[in-house]
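Taken from Swiss-Prot, the feature signal peptide applies to 1-18. Summarising the annotation, Swiss-Prot assigns N-linked glycosylation site to ASN39, ASN50, ASN58, ASN74 and lists sequence analysis as the type of evidence. The disulfide bond annotation in Swiss-Prot covers CYS49-CYS78, CYS66-CYS92.
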Amino acid sequence: MALWLTLVIALTCFGGLASPGPVPPHSTALKELIEELVNITQNQKTPLCNGSMVWSVNLTTSMQYCAALESLINISDCSAIQKTQRMLSALCSHKPPSEQVPGKHIRDTKIEVAQFVKDLLKHLRMIFRHG
């Protein structure tokens, strides 16, 4: 009987350790951004944003959301990416104020918005998978 009780208590304790915890809000926002980018890339019948060009940015920095937003913010009259811009803005504002100020980016390459969105999607999926 004592052994059975010990086993039940041990399983209860280990069960609590193995149960998933709450999903952080950042992960939810990241997942929603990924879903939005998937929708944008899948529904392309015409060139995204009329083939507009944006600066290529280094998405591996700690300011990746702010850098992506900074690159896309200059695109006007493109309703397809407005929601993406708002989502990036929300993710960028999660940074401490000292990190929000964009550093000097090396701006030597412009790419089409469609390619930028595909690259951003690939990068964000990697972040989501690997935490």
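Note: Cβ is positioned from N, Cα and C throughout, glycine not excepted.
Since the structure is predicted, the reported quantities are computational estimates derived from the model, not experimental observations.
The disulfide-bonded residues in question are CYS66, CYS78, CYS92, and the one with the fewest Cβ neighbours inside 10 Å is CYS78.
In this structure, the C-alpha atom of ASN58 (N-linked glycosylation site) lies 11 angstrom from that of CYS66 (disulfide bond). The Cα atom of ASN50 (N-linked glycosylation site) lies nearest to that of ASN39, taking the recorded positions ASN39, CYS66, CYS92 as the candidates. Nearest by CA distance to CYS66 (disulfide bond), out of the recorded positions CYS49, ASN74, CYS78, is ASN74. A coil conformation is recorded for ASN74 (N-linked glycosylation site) in the three-state DSSP classification, outside any helix or strand. Of all the recorded positions in the record (ASN39, ASN74, CYS92), the one with the smallest CA separation from CYS49 (disulfide bond) is ASN74. Within 10 Å of the C-beta of ASN50 (N-linked glycosylation site) there are 11 other C-beta atoms, taking all protein chains into account. Here ASN39 (N-linked glycosylation site) is positioned 15 angstrom away from CYS78 (disulfide bond), judged by their C-alpha atoms. Look at ASN58 (N-linked glycosylation site): DSSP puts it in coil. For the pair CYS92 (disulfide bond) and ASN74 (N-linked glycosylation site), the C-alpha distance works out to 16 angstrom. Taking all protein chains in view, 22 other C-beta atoms sit within 10 angstroms of the C-beta of CYS49 (disulfide bond). For ASN39 (N-linked glycosylation site), no same-chain residue that is 6 or more apart in sequence has a Cβ closer than 8 Å to its Cβ.
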